[in-house]
Amino acid sequence: MAQLSDLEIANLSKLKPISEIARKVGITEDALEPYGHYKAKIDINQIQEQEKKGKVVLVTAMSPTPAGEGKSTVTVGLADAFNKLNHNVTVALREPALGPTFGIKGGATGGGYAQVLPMEDINLHFNGDFHAITTANNALSAFIDNHLHQGNELGIDQRRIEWKRVLDMNDRALRHVNVGLGGTTHGVPREDGFNITVASEIMAILCLSRNIKDLKEKISRITIGYTRHHKPITVSDLKVEGALTLILKDAIKPNLVQTIEGTPALVHGGPFANIAHGCNSILATETARNLSDIVVTEAGFGSDLGAEKFMNIKAREAGFDPSAVVVVATIRALKMHGGVAKDQLQHENIEAVEAGLVNLERHVNNIKKYGVEPIVALNAFIHDTPSETACVKQWAKDNQVRIALTEVWEKGGEGGIELANQVFDVMQEPQNFKHLYELKQPLEAKIETIVKEIYGGSKVNFSSKAQKQLKQFKENGWDEYPICMAKTQYSFSDDQTLLGAPNDFEITIRELEAKTGAGFIVALTGAIMTMPGLPKKPAALNMDVTDDGKAIGLF
């Protein structure tokens, strides 16, 4: 019998009316804004603030293969397992971006029998949040160019406009463009460019805001560029923060959906973890904490990216601590980090598994540096052999690391019971959570701390441009912001071919970006791009739609 695709499994699943899912966690009709039968937004003003809030479980991973290691799948499956054990639980995830869906991923709502539904809706447009963010971002670009055209009262230096347009698509041809061409009636000519929507500062702001008032305040602080005398120009100078917030008034509301097994799921926001902070919205997580005893959430890519930013940016801004952290590992990723070529990962190779464990070990040790005990979820794949699995379990035993074989892709929540029990045990223990660095440290010291403590590097080199920016940012009073590293997800270093757990390498910061609205400084390393490109054979080639409107090819 042929193995069913994720989309086929999703289509065979019976969804419950969204009102029934809402009642399960105490969401009243007044707070529920349905988008059809199976999706809704939540009016956060109608959610009662609880004195005792739910505990947060963070799911992260080891350094992934290009196909990913099933972190979203494990996150959903763990929540379903808690549900099976009769715990009051909600899962909180990021929204998928269209670009990667059509590029390499083909979708991002979990997999197998651990998915959030309706899968095709969530992967394609969902409730319109990304379109609203794209519109708000590009409206700001239009306001900037109009200001230049109408006389430039603020004295904006058109060579130093930092704000770029965005599109929710992987489109390398738009990285560098010229705008305002065609004569004086068409605007002021200048160089511009596009980022992908998930890299927009407005995406980060929406995910770090607590309410509309906070959203507007953060938007007003966005630095869009500089004058010829290097004075920062903000959105508040343009006086358009109200208009931009108006565009986002519905997008800020968390989205309610469900898993295959009927566990409530809040899916909201979607910044990438390699070029942004990689976590779902604070509002969704806090709403889930007010509704449930346990909130299972994830942060993008490995512990060096999404989890580091969760700990030092999101948790700091939101004011909560994770009660447990799950590190997802797979046999195939261990073999890749042990030196096996990507086209040979399906073959048994105990030596490669043993060699690749250094990568997992560093991720486990990274989590311990935050004062939280990690639990390894060994996410089972069809080509794993008993000997390879036993090898990983023996390593965990020898190193006193909690581990659970996780089979949620195949079995849904039932395949995550062992993991749920392990996580619940850790949640009952006192954790000594701490941030990696203090905000009062200089920017370069915070960057060096991340590189040395989390990545295993020995030195940070700053380009001449980055050195000038460090000086300027300090003069502007921006040196107490947290750091958001932009780095490859495939390696601890800034070289994606350097696998395993490299030591004594150097990382170069080529450029810094001040996200004064979101409240962090982005440090760009290596060849990281904020507008990805499509692969030679994008996933879109396998996608279609039937005559009656059913999706084909999402996975």
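Positions of Cβ are set from backbone N, Cα and C atoms, glycine also.
It should be emphasised that the depicted structure is a prediction, and the values quoted were computed from it without experimental measurement.
Swiss-Prot lists Thr65, Pro66, Ala67, Gly68, Glu69, Gly70, Lys71, Ser72 with the feature ATP binding site. Listed in sequence order, Ala61, Met62, Val328, Ala329, Thr330, Arg332, Ala333, Asn379 are the same-chain residues six or more apart from Glu69 (ATP binding site) with CB atoms under 8 A from its CB.
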Sparsest-packed among the binding-site residues, when each Cβ's other Cβ atoms within 10 Å are tallied, from Pro66, Gly70: Pro66
Least buried by Cβ count (within 10 Å) of the binding-site residues Thr65, Ser72: Thr65
Fewest other Cβ within 10 angstroms of its own Cβ, chosen from the binding-site residues Ala67, Gly68, Lys71: Ala67
Check: same-chain CB within 8 A of ATP site center, minus Thr65, Pro66, Ala67, Gly68, Glu69, Gly70, Lys71, Ser72: Ala61, Pro64, Thr330, Ala333
